[in-house]
Each structure stands twice: as structure tokens, then as C-alpha cells.
Amino acid sequence: MKAILIPFLSLLIPLTPQSAFAQSEPELKLESVVIVSRHGVRAPTKATQLMQDVTPDAWPTWPVKLGWLTPRGGELIAYLGHYQRQRLVADGLLAKKGCPQSGQVAIIADVDERTRKTGEAFAAGLAPDCAITVHTQADTSSPDPLFNPLKTGVCQLDNANVTDAILSRAGGSIADFTGHRQTAFRELERVLNFPQSNLCLKREKQDESCSLTQALPSELKVSADNVSLTGAVSLASMLTEIFLLQQAQGMPEPGWGRITDSHQWNTLLSLHNAQFYLLQRTPEVARSRATPLLDLIKTALTPHPPQKQAYGVTLPTSVLFIAGHDTNLANLGGALELNWTLPGQPDNTPPGGELVFERWRRLSDNSQWIQVSLVFQTLQQMRDKTPLSLNTPPGEVKLTLAGCEERNAQGMCSLAGFTQIVNEARIPACSL
């Protein structure tokens with residue numbers, strides 16, 4: 001763990017009346033916020049021979065190592081931190097000027113370079129020139145079970161149950177799943193110029209059909225610690241995400257200049273979202289993987305005397321920022337039955353996307369209420385590197401906890417109702 005002191009963005013808090021941006025009902029007071037964020041724009045995590053075999057064109061180079069956060073990705077995250085500071089000032093949670101009080105803001109990050117740097121960039125945007133510690137587990141060379149208890153052996157998947165659940169969501173089989181998405185696969189083949197690829201030309205010489213789904217059959221693989229898909233589905237998810245990362249990185253010709261409108265982006269990223277729908281949002285997977293984060297979120301949102309937790313943070317606190325991965329957002333969505341699509345953003349779990357949990361207190365009776373939302377930069381905001389503020393905000397989608405039995409006039413779920421939903425979603429064997 002280290003304290004950082006980063007002069008990144010000047011903190012300009014406009015003197016805007018609180019009522020313009022805070023809750024319309026003045027009897028509600030914001031008391032605590034938990035933000036679970038995907039890391040920012042990164043380089044691809046791998047460069048495989050298969051990636052080259054499916055296109056005649058060379059893949060562009062990146063300015064950082066595989067899987068690392070790019071400097072531009074850090075800037076985009078800092079913009080989100082800057083926006084959140086303005087919003088939290090408007091809602092009365094943070095002061096307009098100066099650094100947050102000691103312990104008022106806590107940041108936890110997974111051990112990867114891209115997540116640690118995301119925590120630093122968010123801190124730089126939220127509180128420039130302030131020493132804020134980015135906490136990780138002590139051993140940064142090993143996976144952190146907070147973000148994946150399966151990978152670390154805390155708990156195991158039930159192979160038969162998970163297989164049945166995923167195949168049911170797929171429509172009966174993975175072949176059915178790919179069959180219903182041929183339009184999107186054809187669009188990917190067009191962007192790749194797949195007919196001129198080594199893989200396709202080789203198949204044609206052998207009088208074999210040249211399509212991604214036939215050349216690369218997909219198979220579901222379930223083990224005690226992971227679920228995955230092989231073949232065209234897995235490849236398509238990775239490649240379409242890479243195209244989006246190219247666009248967000250500001251590269252001159254994402255997808256070799258062959259992606260030109262929002263319809264094409266939505267069609268391509270539907271393949272990425274579809275894989276996440278199967279592998280990360282299926283409740284039989286999501287509930288296990290999300291349990292440690294659910295426990296942490298519940299602890300952070302529940303009023304109680306301050307207690308020091310793992311990572312050295314004291315909870316509850318005003319703001320808890322957790323820098324993780326797209327899988328974490330999808331797992332939490334699947335476990336809590338939160339569903340969303342993002343206007344202007346084809347990726348349902350985009351770089352820098354934030355699943356935000358807020359606890360509000362009703363002043364008339366001190367009752368506690370939970371609001372959940374998804375805050376995200378649109379693809380155009382990423383492309384243009386648009387600075388964010390209350391006047392130029394990121395996208396935001398308010399989410400509904402389907403199982404909540406008690407709501408207030410603003411649609412928030414009671415803290416008791418939220419706690420019950422979390423307790424029913426979590427898998428005790430996967431707790432830390």
C-alpha cells in the first residue's frame with residue numbers, strides 16, 4: 001500500500017445551488033457511497049496467433065504492456081473522479097474545498113497494474129494534490145479473493161448445476177446460442193476481412209466453409225474454479241472489446257477504419273455482452289463470485305461504529321471506491337438481478353463503468369434507503385476525451401432492485417430490504 005500525491009486536475013467546484021443536483025426531496029441526506037468500478041482503458045491482455053490468423057491486417061500497437069492501463073485511460077478515470085467530487089459536493093457529502101478528512105475516502109484495488117492505477121487516477125480526479133492511500137492485499141503477486149473467490153480456492157462451483165443453468169440461458173446449447181447471433185458474427189467477419197485471412201483461405205483450399213462459427217466451434221467448459229467458452233464466441237468477445245478499447249484510446253482507425261456508426265458498434269459489442277450474459281451474469285456463477293464484494297458493500301453501507309476492516313480501511317466511510325473488473329460489475333448485476341443497457345455505450349460493462357450504491361437518510365424518521373445506479377462514459381465521450389462536470393455529466397442509469405419489498409417515493413430500496421436481498425444472494429461458502 002502506498003500514499004499517492006498526484007497533481008492531476010484542478011478541482012473547480014462550481015457554485016451551483018445544491019437543489020439543482022441533489023435529490024429533489026430535501027428530507028433526504030446522502031450519508032455513504034460505495035463505487036465498484038471497472039478499471040480504465042487498457043491494452044489488450046493478450047496477443048495470440050489466432051488473432052492474427054483471422055485477419056489479413058496487422059493489429060495496432062499499444063503504448064503500454066499487455067493488460068496495463070494506458071495514460072489516456074488514467075485521464076478518463078480522473079475525469080470520472082472529478083465529476084464524482086462535484087456531485088458529492090452538491091449532495092453535501094464532501095466539502096467544496098481542500099482534501100477530504102482523514103478516513104473519509106477509502107480506495108481498494110485489485111492487485112493488477114490496471115486496477116491499482118485506476119484507483120490512483122480516481123483519487124487524483126476526486127481530490128487533486130491530496131494524499132490518498134490505494135489499498136491492496138499485502139501479497140500483490142497472488143489473486144485477491146475479494147474479486148474472485150473461485151480462482152483463489154475459497155469456494156467451488158457445482159459443475160452440473162452451472163452447466164445446466166448456462167445451457168438453459170443459451171437456449172439449450174451453445175450451438176443454438178451462436179446460431180441466433182449469425183448477423184453479429186457476419187459483421188465481425190466483415191470488420192476482420194475474414195475471407196482474406198489465413199484461416200479462411202486455408203479452409204477454402206480444403207473445400208471447407210469459411211465462417212467463424214464453423215471454423216472455430218464453441219464449447220462450454222466448467223470447472224470448480226471457472227467457466228469459459230472456447231472457439232468463435234470467446235474470440236468474438238475478446239476482439240470486439242479490443243475494437244472498443246481502440247476507439248476509447250483515440251486510435252486513428254479502430255477496426256481498420258471499418259466501424260463507422262453506432263449500429264455497427266452495437267452489433268459487434270452484442271457478441272461481447274452475450275458472452276458475459278452467459279458466463280458472468282448467470283446467477284449460479286454470479287452469486288458465488290460476487291459474495292465477497294456483496295459482503296463488503298453491505299458492511300460499508302450499514303451504519304455501525306467505525307471498525308477497521310481488511311486492507312486497513314475503516315468502515316463505514318463517506319466514500320468507498322473499489323477498482324475491479326468488468327466481470328465484477330457483471331457478477332454483481334447477476335447476483336442482485338440488476339439489468340441495464342447503456343445509452344450511447346455499446347459495452348454493458350465499459351472501461352471506467354461504475355456500479356454506485358448510495359445510502360440516504362430520511363431526516364423525518366432517520367430511516368435508511370439505498371439507491372443503485374450505473375455511471376459510465378459514453379463511447380463518444382471516451383473518443384473525444386470529454387472532461388466531465390455537473391454541466392457535462394457522464395451517462396447514468398438508475399437501477400431497480402427487483403426483489404425489494406419496501407421502497408420510498410424516489411424508488412429507493414430500504415436498507416433492510418437491500419440487506420435481505422444481499423443475504424439471499426450471497427453464498428456463505430464463498431465469504432472471506
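Glycine is treated like the rest: Cβ placed from N, Cα and C.
Sequence annotations record features per position, and here Swiss-Prot assigns signal peptide to 1-22 based on experimental evidence.
Arg38 (1D-myo-inositol hexakisphosphate binding site) is surrounded by 26 other CB atoms, counting those within 10 A of its CB over all protein chains shown. Summarising the annotation, Swiss-Prot assigns 1D-myo-inositol hexakisphosphate binding site to Arg38, Arg42, Ala43, Pro44, Thr45, Lys46, Arg114, Arg289, His325, Asp326, Thr327 and lists experimental evidence as the type of evidence.
The annotation active site, nucleophile is assigned in Swiss-Prot to His39. Counting only same-chain residues at least 6 apart in sequence, those with a Cβ under 8 Å from the Cβ of His39 (active site, nucleophile) are Leu69, Gly73, Ile77, Asp112, Arg114, Thr115, Lys117, Thr118, Ala323, Gly324, His325, Pro351, Gly352.
Sequence annotations record features per position, and here Swiss-Prot assigns disulfide bond to Cys99-Cys130 (among others). In the three-state DSSP assignment, the secondary structure recorded for Cys99 (disulfide bond) is coil. Sequence-distant contacts of Cys99 (disulfide bond), defined as residues of its own chain at least six apart whose C-beta falls under 8 angstroms from its C-beta, comprise Ala127, Asp129, Cys130, Ala131.
Among the features that Swiss-Prot reports, disulfide bond is placed at Cys155-Cys430 (among others). When secondary structure is read from DSSP and collapsed to three states, Cys430 (disulfide bond) falls in the helix class. Long-range Cβ proximity for Cys430 (disulfide bond), meaning a same-chain Cβ under 8 A and a gap of 6 or more residues, is found for Pro149, Leu150, Val154, Cys155, Arg287, Ser288, Arg289, Thr291, Pro292.
In the three-state DSSP reading, Cys210 (disulfide bond) counts as coil. Its Cβ placed at the centre, Cys210 (disulfide bond) has 16 other Cβ atoms within 10 Å. What Swiss-Prot lists as disulfide bond is Cys200-Cys210 (among others).
Asp326 (active site, proton donor) falls within a helix when secondary structure is assigned with DSSP. Marked as active site, proton donor by Swiss-Prot on the basis of a curator's inference: Asp326.
Taken residue by residue with DSSP, Cys413 (disulfide bond) is part of a strand. Residues or ranges marked as disulfide bond in Swiss-Prot: Cys404-Cys413 (among others).
Within 10 Å of Arg38 (1D-myo-inositol hexakisphosphate binding site), counting C-alpha to C-alpha distances, fall the following of the recorded positions Cys200, Cys210, Asp326, Cys404, Cys413: Asp326. Look at Arg114 (1D-myo-inositol hexakisphosphate binding site): DSSP puts it in a helix.
It is 38 Å from the Cα atom of Thr45 (1D-myo-inositol hexakisphosphate binding site) to that of Cys413 (disulfide bond).
Considering other CB atoms within 10 Å as the measure, the emptiest surroundings among the recorded positions Ala43, Cys200, Cys404, Cys413 are those of Cys404. When the recorded positions Ala43, Asp326, Thr327 are compared by Cα distance to Cys200 (disulfide bond), the shortest distance belongs to Ala43. Within its own chain, Asp326 (active site, proton donor) has Arg38, Phe276, Gln280, Asp347, Thr349, Pro350, Gly353 as residues 6 or more apart in sequence whose C-beta sits under 8 angstroms from its own.
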